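To keep things clear, I will list the structure first and then write my remarks on it.
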Amino acid sequence: MSSWSNQPAMDDYGLPSSNPYGNFTVVDMAPKDILHMIHPHWYQYPPMNPMMYPLLLIFMLFTGILCLAGNFVTIWVFMNTKSLRTPANLLVVNLAMSDFLMMFTMFPPMMVTCYYHTWTLGPTFCQVYAFLGNLCGCASIWTMVFITFDRYNVIVKGVAGEPLSTKKASLWILTIWVLSITWCIAPFFGWNRYVPEGNLTGCGTDYLSEDILSRSYLYDYSTWVYYLPLLPIYCYVSIIKAVAAHEKGMRDQAKKMGIKSLRNEEAQKTSAECRLAKIAMTTVALWFIAWTPYLLINWVGMFARSYLSPVYTIWGYVFAKANAVYNPIVYAISHPKYRAAMEKKLPCLSCKTESDDVSESASTTTSSAEEKAESA
């Protein structure tokens with residue numbers, strides 16, 4: 001690292017030999033081959049506290065191992081358990097795959113840059129790194145959108161809704177990846193660009209350039225990849241209303257008949273579907289918690305850049321990377337049939353509880369109904 005950190009790197013690029021913002025800045029730690037990608041805004045900040053890098057490295061090591069292991073197990077269990085190979089669960093597998101790919105491509109480079117305290121992997125890989133991060137994040141959110149639409153179709157529309165088939169689920173997944181690639185490949189063709197973040201340990205979209213072309217990309221990307229996917233909120237409101245009406249009807253009918261409960265096979269099916277909807281809602285909520293900081297960084301960079309320092313830019317992708325860990329944990333804890341399959345295939349990782357027997361019965365009913373719908 002001493003090869004580029006002992007002298008200001010600006011001299012070799014024809015820039016003023018004296019830094020107007022101070023004797024040594026965070027940019028002076030960067031290799032010369034990426035200086036043309038760094039916005040002048042970052043020249044006014046001193047290097048980050050050296051303790052930030054080992055802390056970030058430890059965090060990435062912890063989340064990287066958890067994410068890769070958790071999502072690999074999720075994919076393996078779903079694909080090797082016949083009762084879990086339903087059209088709806090193809091979306092779950094796609095979600096785990098996008099999370100796995102995100103950490104598989106983000107984790108090793110972050111370890112390297114944290115070790116050297118700056119981006120050392122060259123300008124080309126900086127662009128590839130940012131592209132892959134955006135691509136996997138975009139695929140994750142749109143997968144959650146389609147999972148929500150499927151739950152809405154099953155719970156709110158019921159028998160009136162068209163059952164999800166393998167062909168339709170596959171078409172949805174293809175749409176997700178085509179949409180994601182289309183948006184994320186645009187910066188390679190001049191609509192915005194991928195550049196090093198202010199902390200110089202990662203790369204992302206350019207939110208500091210003031211030209212209309214760069215900003216228009218961020219406006220459109222934010223709309224299609226963040227704001228538009230907020231539509232599932234409407235679906236969840238409808239789901240909650242449908243579940244509340246169903247439960248009230250069950251209680252009223254049981255009261256009239258003088259019995260404790262009307263829970264039968266159909267009611268168990270509805271209960272299992274509602275649990276799956278809660279899982280999806282939790283996962284979507286965690287996704288927005290994870291990606292909102294990065295969105296805020298982009299918008300602050302466009303309209304209030306004076307508040308944006310290199311340290312603040314770390315939190316955006318720290319939260320974003322942590323999102324890839326949430327999903328396998330949510331499904332492992334909340335999906336009865338997944339727990340049952342993991343209990344059988346990987347007893348050392350099981351988390352089965354005493355109440356799982358009843359939940360598993362209800363979940364089996366749901367899966368059977370889905371399989372019948374698929375074959376119809």
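Cβ atoms here come from the backbone N, Cα and C positions, even for glycine.
The shown structure was predicted, so the numbers you read here are calculated from the model rather than taken from an experiment.
Quick look at what Swiss-Prot annotates:
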type: DISULFID; residues: Cys126-Cys203; note: disulfide bond
type: CARBOHYD; residues: Asn23; note: N-linked glycosylation site
type: CARBOHYD; residues: Asn199; note: N-linked glycosylation site
type: MOD_RES; residues: Lys321; note: N6-(retinylidene)lysine
type: REGION; residues: 353-376; note: region 'Disordered'
type: TOPO_DOM; residues: 1-52; note: topological domain 'Extracellular'
type: TOPO_DOM; residues: 78-89; note: topological domain 'Cytoplasmic'
type: TOPO_DOM; residues: 113-126; note: topological domain 'Extracellular'
type: TOPO_DOM; residues: 150-168; note: topological domain 'Cytoplasmic'
type: TOPO_DOM; residues: 190-216; note: topological domain 'Extracellular'
type: TOPO_DOM; residues: 238-278; note: topological domain 'Cytoplasmic'
type: TOPO_DOM; residues: 301-311; note: topological domain 'Extracellular'
type: TOPO_DOM; residues: 334-376; note: topological domain 'Cytoplasmic'
type: TRANSMEM; residues: 53-77; note: transmembrane segment
type: TRANSMEM; residues: 90-112; note: transmembrane segment
type: TRANSMEM; residues: 127-149; note: transmembrane segment
type: TRANSMEM; residues: 169-189; note: transmembrane segment
type: TRANSMEM; residues: 217-237; note: transmembrane segment
type: TRANSMEM; residues: 279-300; note: transmembrane segment
type: TRANSMEM; residues: 312-333; note: transmembrane segment
Per Cβ pairs under 8 Å, the stretch of 90-112, 169-189, 217-237, 279-300, 312-333 packing most closely against the transmembrane segment (127-149): 90-112
Interface present between the transmembrane segment (217-237) and the transmembrane segment (53-77) (three or more C-beta pairs under 8 A): no
Proximity of the transmembrane segment (217-237) to the transmembrane segment (169-189), 3+ C-beta pairs under 8 angstroms: yes
Model confidence over the topological domain 'Extracellular' (113-126), averaged pLDDT: 94
Chain residues in Cβ proximity to the transmembrane segment (312-333) (below 8 Å; excluding those fewer than six residues from its ends, i.e. six or more beyond): 52, 56, 59-60, 63, 66-67, 70-71, 73-74, 92, 95-96, 99-100, 102-103, 106-107, 110, 133, 136-137, 140, 197-199, 201-202, 204, 279, 282-283, 286-287, 289-294, 296-297, 339, 342, 349, 351
Cβ neighbour count (within 10 Å, all chains shown) around Asn199 (N-linked glycosylation site): 28
For the topological domain 'Extracellular' (190-216), the number of residues DSSP places in helix, strand and coil: 5 helix, 6 strand, 16 coil
Around the Cβ of Cys203 (disulfide bond), the count of other Cβ atoms that are within 10 Å: 26
Close approaches to the topological domain 'Extracellular' (301-311) from elsewhere in its chain (Cβ under 8 angstroms; 6 or more beyond its ends): 26, 41-42, 45, 48, 52, 197-200, 207-208, 215, 218
